[in-house]
Amino acid sequence: MAAVVENGHHGNNGFCVKQNDPLNWVAAAEELKGSHLDEVKRMVEEFRKTVVKLGGETLTISQVAAIAARDNEVAVQLAESSRAGVKASSDWVMESMNKGTDSYGVTTGFGATSHRRTKQGGALQKELIRFLNAGIFGNGTESTHTLPHSATRAAMLVRINTLLQGYSGIRFEILETITKFLNHNITPCLPLRGTITASGDLVPLSYIAGLLTGRPNSKAVGPNGESLNAEQAFKLAGANSGLFFELQPKEGLALVNGTAVGSGLASIALYEANILSLLAEVMSAVFAEVMNGKPEFTDHLTHKLKHHPGQIEAAAIMEHILDGSSYVKAAQKMHEMDPLQKPKQDRYALRTSPQWLGPQIEVIRTATKMIEREINSVNDNPLIDVSRNKALHGGNFQGTPIGVSMDNSRLAIASIGKLMFAQFSELVNDFYNNGLPSNLSGGRNPSLDYGFKGSEIAMASYCSELQFLANPVTNHVQSAEQHNQDVNSLGLISSRKTVEALDILKLMSSTYLVALCQAIDLRHLEENLRLSVKNTISQVAKRTLTTGVNGELHPSRFCELDLLRVVDREYVFAYVDDPCSATYPLMQKLRQVLVEHALKNGENEKNASTSIFQKIEAFEAELKAVLPKEVESARVALEDGKPAIANRITECRSYPLYKFIREELGTNFLTGEKVMSPGEECDRVFTAMSKGLIVDPLLKCLEGWNGAPLPIC
């Protein structure tokens, strides 16, 4: 097929995306090739680049997120090759107007009043911007009705990208001016509410147009947060020689009739959603480690038989974290003791975490691709087809892909939060957490240390609000604009709610990370205390049970191994606050062992020199004299950084995450003896997460993963 010119661009196959893919299904499927982890790595790499080059067709959500979050650290460049196509459509509109051709929004009124006609094309565009400036910003400090700075920057970038494709009838100079605003970190003030994203985001986008045309009510925020009027904004940006634009026919419509605000904010949301969903997978693996979970739940055959790629990858990532984990090795030994007295399998929050997270990740990946198609789409009306010399009246401004993808993403985000809450609830509950103290209390006196009890209440609150936000927005459509816009996408509203949901998920993630680090440190403390208890019992047993009164070997010397097995079987935190208490399990079980040996001692019990019963009192008396001191010494040694046993986490693939939370952010092991509260530590992590600082340690945990599950052996 001969090449055709499409508004200044050359395409080998006319309007077909691919010769054998006229409906674009193959291209859409191919976008999901490769692992989610690889996609996240690509996003992060793009996010960190210092230049975004716009040509209309290759913009990514990570580039949008970078422009939104990094202000003037990232420069926007327009492809010079786009200039001809943009000019061609702009010229066509002017020629069409001069010929007297009747075109929507050029010679007609708008929407339900498009039956009106005018030859004053410039005045019509001016009126369009005036009547669309219908937003409310409010005053005072209690609330704001201004769209966040980051969302506005995202919208500006996406709108430029759309208009660069040359189907909208706007001058290239206007796009250059918006680019200058971005590069000089000058951000127009847009209203937070007032759009239904159906004839595009008309109301908020009209405020960008208002700044470009110098409307007296237009405002912007400068690079240092200062308030600017239009004149100051133009001067600071060095835009258009400081002259406001007099809009030509169609240019006002080109600026406002698009989905850029909804899709721009959706891009920001999905960049975060992809990272947080990956974090949820890694945190689930850490949860398995500190809970002494059974790693069998990650076995590849289980997930291969289910077929879902998200589940298979989630399991493979967890398997990678757990493979060779020092916690897993220790847990396997623990599970071998008294196996018939323990649950055969872990609870759902751990065992089915790949099955739970996998579909959510698939939803988020699909939404990501849907939004990437949207931000590279031409989404205004009418579209100027220079090659066929006509204006096409359609409805690409309908932002349904945004509303639907954001509703679906929010449901996935809520599901991730629900799993996180279920895992957190198990972690702090001493009935379920395999020996960790209730509320993860780390202090010496559990009666004066309630650990993460407040955090669990906060997590319940976060989770409840998150579940509420999972409700769809798109089923609340109202017929608008004299029943012309009778179905509308509510794309920006759904995007806003998704950003809210992500903020709550970050609150949950930061709280959960602090709790996981507390659990890691408690396991470290547990090991050191157990060793101290075993050593003390062994020494006391040797002194009191090994020999008789005359130095002869005593039958009770055979008790020592069984006494040490008691220590291995008993949860340390069930007794360690008062290790010699007769009401706690340690002393009860130790006495039980000695009594059982005494009962087996037979005739020797009648002889005072060989009686085990008569040794029990001496054993317990000496143990009470030395054990509390030894336990305290072990705790102090750990607090002083001189533990007898090193922290297992340093041998694990999850260590970079722990190191980041503990060392780089400087969070601490929490106890009731200290002033520091859980909320203060969670705040540090939340702030770091909001700045994107969690990304590097997260990816470092997965550095060695080859993108495939372990082979089935």
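Even glycines carry a Cβ here, placed using N, Cα and C.
Small disclaimer: the values here were computed from a predicted structure and weren't measured.
Taken from Swiss-Prot, the feature active site, proton donor/acceptor applies to Y104, supported by similarity to another entry. Under the heading (E)-cinnamate binding site, Swiss-Prot lists N257, Q345, R351, N381, K453, E481, N484, citing similarity to another entry as support. The annotation 2,3-didehydroalanine (Ser) is assigned in Swiss-Prot to S199.
The Cα atom of the residue listed as '2,3-didehydroalanine (Ser)' lies nearest to that of N257, taking the binding-site residues N257, Q345, K453 as the candidates.
Other Cβ atoms within 10 Å of the Cβ of N257 ((E)-cinnamate binding site) number 23 in total over all chains. The number of other CB atoms found within 10 A of the CB of S199 (2,3-didehydroalanine (Ser)), across every protein chain shown, is 25.
The separation of the residue listed as 'active site, proton donor/acceptor' from N381 ((E)-cinnamate binding site), Cα to Cα, is 8 Å.
A straight line from the CA of Y104 (active site, proton donor/acceptor) to the CA of R351 ((E)-cinnamate binding site) spans 59 Å. N381 ((E)-cinnamate binding site) counts 22 other C-beta atoms within 10 Å of its own C-beta, drawing on all protein chains shown. DSSP assigns Q345 ((E)-cinnamate binding site) to coil, not to a helix or a strand. Under 8 Å, Cβ to Cβ, and six or more positions away along its own chain, R351 ((E)-cinnamate binding site) finds G293, F297, Q345. Of the listed recorded positions, namely Y104, Q345, K453, the sparsest CB environment within 10 A is found at Q345.
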